[in-house]
Amino acid sequence: MGNINKSYIEDYIRMLVKEDEHLTDIREYGEKNNVPIIHPEVKQLLKVLVQIKKPKAILEVGTAIGYSAMVMAGVMPEGGKIITIERNQEMIDQAKSNIERKGFSDMIEIREGEAEEILAEFDEEIDMVFLDGAKGRYQDFLEYILRNLKPEGIIVADNVLFKGMIASDDLVVRRKKTIVKRMRSYLEHISEDERFETSIIPIGDGVAISYNRR
Ligand SMILES: C[S@@+](CC[C@H](N)C(=O)[O-])C[C@H]1O[C@@H](n2cnc3c(N)ncnc32)[C@H](O)[C@@H]1O
């Protein structure tokens with residue numbers, strides 16, 4: 001990714017991150033085949049957050065091949081459930097097969113289709129949200145998420161610093177201008193809105209954690 005952290009810092013942190021051995025093959029497949037899965041340090045952050053928060057229900061946007069969903073499922077309390085949204089049929093097929101093969105079918109449900117449409121209809125209580133797909137739409141999703149996020153719930157949003165472009169106009173490439181504009185608006189919104197307490201963390205491609213103060 002680059003532009004968020006000095007590589008020696010990133011390399012050092014990654015050296016300390018423990019491998020989730022039950023998911024090594026999925027991670028390696030993703031890396032070899034250019035499937036964008038969470039960075040190791042973000043994986044570690046998610047695992048810590050899930051174990052602190054102990055969510056019964058997690059909503060994820062962006063399943064890809066199921067890696068992050070299975071990381072979270074692996075540290076959720078018994079009876080926990082993840083609903084994860086994906087629109088790409090090839091990803092859906094691979095995620096289904098991975099989730100079944102790794103024994104997470106009881107915990108992880110894939111909702112197939114456009115996140116915008118699925119979230120507009122979404123009506124289930126959730127304790128934690130992981131936004132990792134449709135980068136330009138996080139702000140639009142917020143309204144739907146807030147209808148369903150329990151008091152004291154958290155929203156974790158990945159890629160919020162988007163290769164450094166969000167913080168510096170000098171790094172913005174022309175075809176990403178809209179995403180940059182929308183992501184800045186998302187970060188301003190969740191930072192200013194009294195209903196949230198937000199922390200933006202420069203690891204991976206940038207992660208924002210927002211706590212629902214209601
Ligand atoms: C970064 S990948 C997700 C990686 C996954 N969370 C992981 O770390 O293992 C983003 C995924 O979001 C999906 N996606 C992007 N926009 C979407 C949308 N509007 N609705 C549903 N899925 C979307 C893409 O097809 C892609 O598979």
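Any Cβ shown, glycine's included, is placed from N, Cα and C.
In TrEMBL, annotation is done automatically, which means it is predicted and not curated.
Annotated S-adenosyl-L-methionine-binding residues in TrEMBL are Ile38, Ser68, Glu114, Ala115, Asp132, and among Glu19, Glu21, Glu86, Glu152 the one listed with them is Glu86. The least crowded of the binding-site residues Ser68, Asn159, judged by other CB atoms within 10 A of its own CB, is Ser68.
The two recorded residues, Ser68 (S-adenosyl-L-methionine binding site) and Asp158 (Mg(2+) binding site), have Cα atoms 11 Å apart. Compute the center of the Cβ atoms of Asp132, Asp158, Asn159, which mark the site for Mg(2+); besides them, the chain residues with Cβ within 8 Å of that center are Ile38, Val42, Gly62, Phe130, Leu131, Gly133, Lys135, Ala157, Val160, Gly204, Asp205, Val207. Asp158 (Mg(2+) binding site) sits 5 Å from Asp132 (S-adenosyl-L-methionine binding site), taking the C-alpha atoms as the reference points. Ligand 1 lies under 6 Å from the Cβ of the following binding-site residues, listed in sequence order from Ser68, Glu86, Asp158, Asn159: Ser68, Glu86.
Residue pair Asp132 (S-adenosyl-L-methionine binding site) / Asn159 (Mg(2+) binding site) shows a Cα separation of 7 Å.
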